[in-house]
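S.K.: The annotation ATP binding site is assigned in TrEMBL to Q110, K126, E147, A230, A231, L232, L233, E304, D319. Residues or ranges marked as Mn(2+) binding site in TrEMBL: E147, D319. Taken from TrEMBL, the feature domain 'FAM20 C-terminal' applies to 194-403. Taken from TrEMBL, the feature active site applies to D299.
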Amino acid sequence: SKLAALFEHPLYNIPIPEVTEKDKLFIVNPMEKFSLRSSGSDEWVSSSKAETLLPTGKTAYDTYPTWLKFHVGINRYELYPRRDPLLPTLLRDLATQRIVSSVQKSGGTQLKLIMTFPNYGQALFKPMKQTRDQETPIDFFYFSDFERHNAEIAAFHLDRILDFRRIPPVSGRLVNITKEIWDITTDKKLAKTFFISPAGNVCFYGECSYYCSTEHALCGKPDQLEGSMAALLPDKTLAKRRSWRSPWRRSYHKSKKAEWELNPNYCAQVRETPPYDRGHRLLDLIDMTILDFLMGNMDRHHYETFEKFGNDTFLLHLDNGRGFGTHSRDEPSILAPLQQCCSIKKSTYLRLQLLATQPYRLSDVLREALAADPLAPVLAEPHLRALDRRLGKVLAAVGHCLAR
């Protein structure tokens, strides 16, 4: 296994700083059993007040379902550890746990559902909009592109292979539209959008700002629909997150250009602007840029951090559905932060060099990681080959900077 060998490599075993109590997202009393109110709210209550008790294990921690262990494990330095024993179980839960509730997630340009499991875990479901081998048409603007369920799955695994570990776990899943959405939804607006197509397939389209109409309906075969299931982060009432506008955000206009596209010295002013004027925030943003370039994702207008950790923490790489749309062309402008700032973390650079070598080739390790997903093959072969080509371009950009 190339993947196992990669994770054994010394570059993937650099220790993180010691995690103190203040570096943990949640401080949990280890003697306290936890459960959740069966009323459907997401609040945690101690077992003395709980209406439903989870099966008791040897310790209170054993009573937590996997999603809760994932939340409790988040700290200042990482969303989940490199050798996380929970990860296979959490991915299996996302793929197989019974769905007891499906409601539409508010906001956004495209349809997404929040699905709840019997153990109160929740996942964000993004349905399949196009097939694996469909490329984004060359005349499409990045902001009018579809979100792809398989891009969300592949982005999670790529982020882990790059050792960023800043995307919540994602698994593919085949969902029965009738039994797992239509029959159990309490969302009246969503319920009104179901219909049977002329071909006898079950379809729905939901309510959203752009792609929610009968012309953009999602249809099963006859009611089986592929989608990505992403583990939800802790509720914002429990762990506030701060949203940051990316300095290299695109204009989201058909003819206007953003300032960074016009000013070659743009990075100098970013470096003087908080929070990029100190710490590793700019380097973290350049990590995210490299991830986006490898996936071909031009739609990174914001990123988030956990408020508790201030500016000294990792960036959350959320919403990656517009990656992996094209394999036949690359988008060099995504690399602007790297090219303009000529900065990169040494650890990131060394890992990228490693992933360009034959024993650990990026396309091979990602192919292996994706082979375990229920919807495998997740990416068409040309997308995997494009990763090796793009990795070469990232290393070339760093080479130009070193030469300068």
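Here, residue 1 is simply the first one shown, and the rest follow in order.
Cβ coordinates are placed from backbone N, Cα and C, and glycine is handled just like the others.
Whatever TrEMBL says is automated annotation, not expert-curated.
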S.K.: Let me know how many other Cβ atoms fall within 10 Å of the Cβ of D319 (ATP binding site).
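M.R.: Total other Cβ atoms inside 10 Å, all chains included: 23.
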S.K.: How many Å separate the Cα atoms of A231 (ATP binding site) and the residue listed as 'active site'?
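M.R.: If we compare the Cα positions of A231 (ATP binding site) and the residue listed as 'active site', the gap is 21 Å.
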S.K.: Have a look around D299 (active site) and count the other CB atoms within 10 A of its CB, chains all included.
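M.R.: Within a 10 Å radius of the Cβ of D299 (active site) lie 18 other Cβ atoms.
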S.K.: Tell me, if you would, which residue among A231, L233 (binding-site residues) has the fewest other CB atoms within 10 Å in the structure shown?
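M.R.: Checked A231, L233; of these binding-site residues, fewest Cβ neighbours within 10 Å: L233.
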S.K.: Using the alpha carbons only, what distance in Å do you get between D299 (active site) and D319 (ATP binding site) once rounded?
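M.R.: Given the Cα positions, D299 (active site) is 9 Å from D319 (ATP binding site).
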S.K.: Excluding near sequence neighbours, so keeping only residues 6 or more apart in the same chain, what lies with its CB under 8 A of Q110 (ATP binding site)?
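M.R.: K126, K129, F146, E147, C208, Y210, Y211, C212, G321 - these are the non-local Cβ neighbours of Q110 (ATP binding site), listed in sequence order.
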S.K.: What number of additional C-beta atoms lies within 10 angstroms of the C-beta atom of E147 (ATP binding site)?
M.R.: 24
